[in-house]
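Now, the feature entries from TrEMBL:
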BINDING   A:THR146, A:LYS168, A:THR179, A:GLU259, A:ASN378, A:THR383  substrate binding site
ACT_SITE  A:THR179  active site, nucleophile
2 protein chains.
Amino acid sequence: MSVTAPSGFRAAGVSAGIKADGERDVAIVINDGPSRSAAAVFTRNRVKAAPVLWSQQVVKGGRVRAVILNSGGANACTGAPGFQDTHATAERVADALQDSAGEIVVASTGLIGERLPMPELLSGVDAAVAAAARDGGLNAADAIRTTDTVAKIAFRRGPGYTIGGMAKGAGMLSPALATMLSVITTDAELTSEQCDRLLRAATSRTFERVDADGCLSTNDTVVLMAGGASGTAPDEAEFGALLTEVCDDLARQLIADAEGASKSIAVEVVGAASEDDALTVARAVARNNLFKCAMYGEDPNWGRVLGAVGTTDAEFDPARLNVAINGVWVCRQGAVGDDRAKVDLKPREVTVTVDLSAGSVAATVWTTDLTTEYVHENSAYST
Amino acid sequence: MSVTAPSGFRAAGVSAGIKADGERDVAIVINDGPSRSAAAVFTRNRVKAAPVLWSQQVVKGGRVRAVILNSGGANACTGAPGFQDTHATAERVADALQDSAGEIVVASTGLIGERLPMPELLSGVDAAVAAAARDGGLNAADAIRTTDTVAKIAFRRGPGYTIGGMAKGAGMLSPALATMLSVITTDAELTSEQCDRLLRAATSRTFERVDADGCLSTNDTVVLMAGGASGTAPDEAEFGALLTEVCDDLARQLIADAEGASKSIAVEVVGAASEDDALTVARAVARNNLFKCAMYGEDPNWGRVLGAVGTTDAEFDPARLNVAINGVWVCRQGAVGDDRAKVDLKPREVTVTVDLSAGSVAATVWTTDLTTEYVHENSAYST
């Protein structure tokens with residue numbers, strides 16, 4: 001299924017020799033129209049990889065013919081030569097498709113600070129375009145993996161149209177889009193303005209609420225292409241809900257596969273005075289290393305939750321805070337609550353609920369525990 | 001030496017049975033005057049332990065007779081009963097000294113969310129007051145250890161006066177004072193206003209620039225007591241410089257002994273447009289888990305440094321950033337610089353220099369690497 005679930009899209013994932021192990025490393029997703037409406041959201045990191053700088057310009061035009069992606073190298077912090085490499089990649093795709101480079105989005109993922117092996121990449125572009133087919137969605141999702149252990153795909157069917165998507169991302173996961181790449185396709189008829197509005201709304205409640213390690217990448221990119229092949233102009237609210245479901249599905253898959261994680265943790269803040277407050281508190285908890293270590297140790301150490309909440313400027317009274325871990329209210333009114341021995345932290349799925357007692361707004365951020373495996377994996381990544 | 005290096009101070013550290021292993025767990029530092037000028041700085045965490053809430057009130061009066069400290073329990077998130085425990089502790093000290101509880105600072109460290117064993121603590125208070133002596137400084141420093149592997153003490157002599165200090169803190173180290181307790185004493189003659197001004201200036205450039213794990217504690221307390229026994233009214237600038245040296249010495253000892261750390265890392269930002277910018281960038285790097293894992297792996301992964309810099313709002317142009325690791329400029333003008341193979345990361349001491357090329361201001365934050373030992377230690381702390 002994946003990005004080729006909607007009609008009018010072809011995709012491929014090929015091995016171009018960028019990755020040393022010979023696994024797939026170049027992916028393409030081609031929109032055969034009739035429409036080329038598109039939008040994208042990018043990392044908020046001010047140090048942006050060359051493909052991000054390029055693709056931001058492309059997307060401003062509101063039209064995208066294809067997205068070319070590579071794993072095995074981020075092409076970040078590579079200066080003007082790196083930007084030229086991205087440009088050359090887009091030109092090669094455009095040549096192969098007899099189209100304009102100005103409508104080709106480029107995305108890269110991998111190690112920062114190294115040039116891409118351009119002969120391999122450009123040959124890979126040719127091979128990917130040649131291989132692109134209606135059944136290529138899964139291979140494309142496979143080709144964008146770095147430390148991901150599984151390919152991440154999702155799709156939803158609406159009345160008369162389909163939305164499909166793929167994503168990658170396992171380390172450096174943080175709000176404002178993790179080190180993640182995602183391509184989402186639909187055969188619904190949408191304008192580029194609709195794409196932009198709907199994509200921003202969906203990502204703000206999904207990908208941007210995933211925070212595995214608080215580290216914001218230089219390459220995050222989420223692209224939505226609407227080809228219109230179904231001939232169906234969707235109800236916008238309904239489409240938005242389905243798009244959010246696809247993004248949510250993919251975001252949860254990212255957390256489930258996060259580097260070295262042994263727990264998938266929902267940090268749920270309730271009783272907040274505002275959504276900003278709820279998110280600020282949820283992120284502070286999700287990023288607290290001591291809390292994350294406690295979760296790894298299956299230790300319901302709610303003091304660390306309160307310690308994290310206290311670092312924020314959200315509206316709350318410390319004496320009215322309540323905390324539940326997997327449904328047991330271990331902290332009531334800022335002090336010891338129910339018996340912490342009742343908390344079962346054995347399952348992989350953990351829910352931590354923080355009740356600010358300051359209003360009626362709720363929000364959830366998804367994170368992981370901090371494990372010795374995470375440290376192992378990330379202390380040996382580039383060498 | 002420690003807190004009893006200046007004349008006019010007595011101290012003790014005793015075993016009261018709060019810690020299960022029978023180690024020292026109650027410390028007292030008594031100022032025998034003639035003056036009781038004092039000041040303190042406390043955690044900025046809004047979830048404050050009972051002893052912090054108590055001591056903030058005490059210090060408002062500008063006079064402190066003694067500081068009573070315990071390890072083995074933080075008395076944080078313990079509600080009104082916890083506050084009563086702190087009050088009772090101060091009263092017991094006051095009784096033993098035939099003095100006023102309103103001039104007794106209380107500090108606690110240990111696990112959050114549990115009541116202190118009051119019979120043991122109160123007996124410990126009596127024993128500590130009875131044992132307090134001119135040579136008790138080292139025992140006091142020993143008694144405030146939690147996961148600290150060594151006692152931390154420092155002193156400096158000025159013309160006609162002495163400054164002494166002790167500190168504890170190994171985990172939950174972050175700006176705004178880490179989970180750290182520190183008592184600093186001097187026999188110089190100072191007003192409480194001078195104490196306050198000088199202590200804030202010194203801690204802002206020392207303890208507040210230590211950031212081992214970004215986790216802000218509920219209990220951080222640094223107290224300065226000036227007893228005036230030397231009869232010397234110091235030059236304020238000179239005293240301030242020496243006080244800063246004592247704080248810096250203690251702060252470095254905290255980093256050197258941080259939980260599970262294998263590296264002591266100075267994140268030095270130069271070329272900043274302002275001190276705020278320099279500190280913001282230094283903290284962003286110091287808190288970046290991927291960078292910290294790379295340091296543990298002795299991997300000069302400068303891309304992660306740039307990735308962290310890019311998350312800040314400091315003034316800089318990504319194309320003009322330079323990064324050196326242990327003196328090798330591995331990133332120049334935002335791209336690949338000198339050969340990363342030249343970087344020697346084997347020594348414990350590491351210096352990462354970030355040149356923002358945006359001005360002439362510099363600042364340094366001290367941090368540690370993120371290790372499997374840190375995760376081990378912090379995943380098993382409370383159970």
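Using the three backbone atoms N, Cα and C, a Cβ is placed for every residue, glycine included.
Positions of the features from TrEMBL, shown on the structure.
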residue	record	DSSP class
A:THR146	substrate binding site	coil
A:LYS168	substrate binding site	strand
A:GLU259	substrate binding site	coil
A:ASN378	substrate binding site	helix
Cross-chain proximity of binding-site residues to B (CB under 8 Å), evaluated over A:THR146, A:LYS168, A:GLU259: none
Local Cβ density at A:ASN378 (substrate binding site) - other Cβ atoms counted within 10 Å: 28
Entry from the binding-site residues list A:THR146, A:LYS168, A:GLU259 having the most other CB atoms no farther than 10 A: A:LYS168
